[in-house]
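*Asks:* Once you've had a glance at the structure underneath, I'll fire off some questions.
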Amino acid sequence: MADRDRSYRTFDQVVRGDRTNYQSGPSTTQVLTVLTLLPIGGTLLALAGLTLTGTVIGLCMATPLFVIFSPVLVPAAIAVFMAVAGFLSSGAFGLTGLSSLSYVFNRFRQATGTEQLDADRAKRGMQDMVGYVGQKTKETGQTIENKAHEGGRT
């Protein structure tokens, strides 16, 4: 049995039939892709290394200053944080108060029925405006017509 050479079919041969797909190497597109991206990737990696180095050096130089000035910096940071939180919360409370007053005012208007009067007044105003625009349109049309007749006479 050991003297007999068995031929095993590969996965590609099973899937594609008995056709074998011989490739001698990477395609031209793959080679160009690698040649294009290798310098770009190397440059970006070098820039990342320089950035990391600069950050570590800056941190090493600034750490003693942070330790020395921490009795001043920490309370100052806390004070700034509390001031910003105070301004933001006062703004939120103001908006909440305005929306509450608006809600109460609208509920009061609905209860007294004054909103129907406001709606009727708005309808009359719109009707008056439509009538005014219609009248102005007629006047403008007559003016243009008169000018056209005058231009035709001369």
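Note: Cβ is positioned from N, Cα and C throughout, glycine not excepted.
This is the feature table in Swiss-Prot:
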type: REGION; residues: 2-33; note: region 'Polar'
type: MOD_RES; residues: A2; note: N-acetylalanine
type: TRANSMEM; residues: 31-51; note: transmembrane segment
type: REGION; residues: 34-105; note: region 'Hydrophobic'
type: TRANSMEM; residues: 65-85; note: transmembrane segment
type: TRANSMEM; residues: 86-106; note: transmembrane segment
*Asks:* In the predicted model, what is the mean pLDDT computed over the region 'Polar' (2-33)?
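*Replies:* Taking every residue in the region 'Polar' (2-33) and averaging pLDDT yields 66.
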*Asks:* Within the region 'Hydrophobic' (34-105), how many residues are helix, strand or coil going by DSSP?
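*Replies:* Residue counts in helix, strand and coil order: 72 helix, 0 strand, 0 coil.
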